[in-house]
């Protein structure tokens, strides 16, 4: 009985929030928070990530530079529109997270599926980060101990990845808050920019012989092989709602400035890395482009270390996001009261972190490269970019029409009363 009443209350709150779409425009809220310029860097940090390393290989799979760039441009338009839609809906519904926007606009069932997908997506991202770390460690080991370094068990991929991850990553995953990582997270942006610079620089100065360079796909289905990488790379939509909620001047105009700057930076980094990387190696490009460079290349080794460092500090952030989503699902399924939820929070946090970490580590040891993981994660990213924002937009339009019709009915009723 209480569950039914609670569901009715949630639905009533949802309908009330949706009707606000037809209300008069609110005044611009100016408060403490981030400027649009600072917010753009947060979006850049969320958007630039592991997908950068796989972009050149996806260009090869899709059939060449022209086709891949065309698809990237088309999808980028929808990615930007989805960001604006999410900001608009969060503004109307007074929400501060992606899940809250989905719940308010689309209902409880949509929230459940969204939270589950976010948890799975974050788990897959963590696996990708560990694979990238292992790839970079292998290259560094090959440069220092020779190509047969794996013959020694303590230098093997399984051992080095496990030890470094347990020592560096695991302790960072336990805290209840992760705001202490905000300072080192800025390092990730510079690491990605350095990789882009390296790829462009080595195209002109390196002695690499490219493989076959495609100008058309092998079959028309290959055109769509680049889409998962694009979606995975440009997926920052889960993060933009909290970013928008923290803007000092919370308006769509200010947020649009942040989005434009962030997207320009992401497009430049992704496109330059993909185009120059593909022209450098052609069909011989690796799923992780850094693995295509010789282990003796000092500049490439610096990039590998920088990327590994970025993944070390980015893993706890994704672990935190996924753990929160999983914890919310657990609390909802068990129907725990706030008091009981707070009472067992520390125990749940520790157990979830341990299970999350060791499960992702085990899978990362046996998955050969990031290409296969990104292909799956790109499908999840497409849901966050297209499906949920599209559902929120449709619900918003329906609610606006309902609000307009409601006001018209009131006006007609008043006119009828006056005439009588």
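Using the three backbone atoms N, Cα and C, a Cβ is placed for every residue, glycine included.
Feature annotations, courtesy of TrEMBL:
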- 33-410: domain 'Amino acid transporter transmembrane' (DOMAIN)
- 36-56: transmembrane segment (TRANSMEM)
- 62-89: transmembrane segment (TRANSMEM)
- 110-134: transmembrane segment (TRANSMEM)
- 154-174: transmembrane segment (TRANSMEM)
- 186-204: transmembrane segment (TRANSMEM)
- 224-247: transmembrane segment (TRANSMEM)
- 259-279: transmembrane segment (TRANSMEM)
- 299-321: transmembrane segment (TRANSMEM)
- 350-367: transmembrane segment (TRANSMEM)
- 373-398: transmembrane segment (TRANSMEM)
Chain residues outside the transmembrane segment (299-321) and at least six past its termini with a C-beta under 8 angstroms from it: 49-50, 53, 118, 122, 125-126, 129-130, 132-133, 135-137, 139-140, 143, 164, 168-169, 172-173, 178, 181, 184-185, 187-188, 190-192, 194-195, 198, 201-202, 238, 290, 293, 353, 356-357
Hey, which bits of the same chain come close to the transmembrane segment (186-204), Cβ under 8 Å, at least six residues off its ends? 41, 44-45, 48-49, 52-53, 56, 268-269, 272-273, 276-277, 279-280, 289-290, 293, 297, 299-300, 302-303, 306-307, 309-310, 313-314
The transmembrane segment (154-174) and the transmembrane segment (373-398): do they have three or more Cβ pairs under 8 Å, with pairs 6 or more apart in sequence? no
Taking 36-56, 62-89, 154-174 as candidates, which has the most Cβ pairs under 8 Å with the transmembrane segment (350-367)? 154-174
